[in-house]
Amino acid sequence: MAKAKFERTKPHVNIGTIGHVDHGKTTTTAAITLVLSKVGKASFKKYDEIDAAPEERERGITINTAHVEYETDNRHYAHVDCPGHADYIKNMITGAAQMDGAILVVSAADGPMPQTREHILLARQVGVPYIVVWLNKADMVDDPELMELVEMEVRELLSSYEFPGDDIPIVAGSGLKALECGCGKRECEWCGKIWALMDEVDKYIPTPERATDKPFLMPVEDVFTITGRGTVATGRVERGTIKVGEEVEIVGLAESTRKTVVTGVEMFRKLLDFAQAGDNIGTLLRGVERKDIERGQVLAKPGSIKPHTKFTAEVYVLSKEEGGRHTPFFNGYRPQFYFRTTDVTGFIELPEGVEMCMPGDNIKMTIELGKTIAIEEGLRFAIREGGRTVGAGVVTGIIE
C-alpha cells in the first residue's frame, strides 16, 4: 500500500463512508470531490474511478478499497470507500483503514437497512468514535413527514448502539443531484448540501490525538547484549515518545511486569536524547539481563497498558479463496494468536448457541491465551495456523 506524501499544513483526519449497499456511498464520495474541486481543494473522482477500487492485501486478506483525498478550509482528509459489504467488514476489523470518524450514508427513500445496522455495530465494536449522517436520495422524498420519520429511525438506531443519536448531525441531500448540477456553489440547492455535510464533518469529528501525544509503547522485536553496556531491546516506537533517563515497564509473557530505566536510545547507529512514534530504535535498559526480556513483550510508559490473557474480539475468518481454512472450526479451537511481534497459543469460545464458524464469516468470540500479552481495546491481531493467517481480529473488551 503506497502512502503518498502530502503537504501537512492542516490537521489530518481519516474518514470513510459506511452504510447499506446501493444507498449511495460512492456517489456521495464522488460528489464531495466534485464540489471541493470547484474551490481547488480536491481533484474530482468520478463514480467509476472510485468504484473500480484496487485490491490491497492487509495481513494476507484481500480488500478492495478506494482512497480519495481532499481538503476543507480547516483540514486535510483521507477518505476510504469500499465497493463491497465484505470489504467494509474486513477493513474495519483489520484496521487497514483506521477511521477517526465516518459518514453514515442512509437512503432517505428506504431508511435504515440490515447493513446500516451492521456497519453501526462494527463502528461501535472496532472503535470508530464519531459518526455524521448523510440522508442521501432526498430528491426522491416529497413528504417532509417521511423525512422526519427516517431521521428519527436513524437516531434511534444509533442510540441503540451507544452512539449519541440525539446529538449526531444529520444532513439531507442528494449526491446524484449534486453530481448532475456540478456548480459547486454553497447557495446551490444540491451542491450546498454537500457543503453543509462537510461543515458538519469539520465541526463534529474532532482532530485525533497524534500518535506522539499518546503514552509511550514499543513492541520488542529483538534483544541483544552489548558487552560492558548491558541489554538492548530494538523495535519501532508505536506511539508516544521516550527520553533517555525515563522509566518504562516490560509488559507481557512474564509472571509479573518489571520496571527499568532507558539509559540510552540509538537510531541508525547514532545516539539520541529521545525517540518518537515511527522511529526504529534500540533502547539500552538498566539492570535488565538478556533472559529478562524477549520478542513479543512491549516497553511501555508505566501503568499505561496491562498484561491480560482473556478478552472478547470481533474476528473475520478468511475464506478458502483468500488462503484461509477449507473447513469450519468449532468451540475450543486452538490456533496461534499473533500480537504485534509474536505468536501465542490460545483457545476460542464461540458465542452461546453458535456451534461452528465457517471460512468467510465475521463473528464475536472470547479468546483465552496461554500466556499474558499487553492488550487493550482496539488492538489488532492475526489468527494463524502453522504459520499461515486464517483470521484477523480486533480486541473489543478485556475480561482478565
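For all residues, glycine too, the Cβ spot is worked out from N, Cα and C.
Swiss-Prot assigns the feature region 'G4' to one of the listed ranges (136-139, 240-243, 304-307, 364-367), namely 136-139. Taken through DSSP, the region 'G1' (19-26) splits into 2 helix, 1 strand, 5 coil. In the three-state DSSP assignment, the secondary structure recorded for Cys82 (GTP binding site) is coil. With a cut-off of 8 Å between Cβ atoms, the residues of this chain six or more beyond the region 'G1' (19-26) that come close are 47, 50-51, 66, 81, 83, 85, 104-107, 110, 112-116, 119, 136-137, 175-176. Ranked by Cα separation from Thr26 (Mg(2+) binding site), the binding-site residues Gly19, Cys82, His85, Ala138 are led by Cys82. Sorting each residue of the region 'G2' (60-64) by its DSSP state yields 0 helix, 4 strand, 1 coil.
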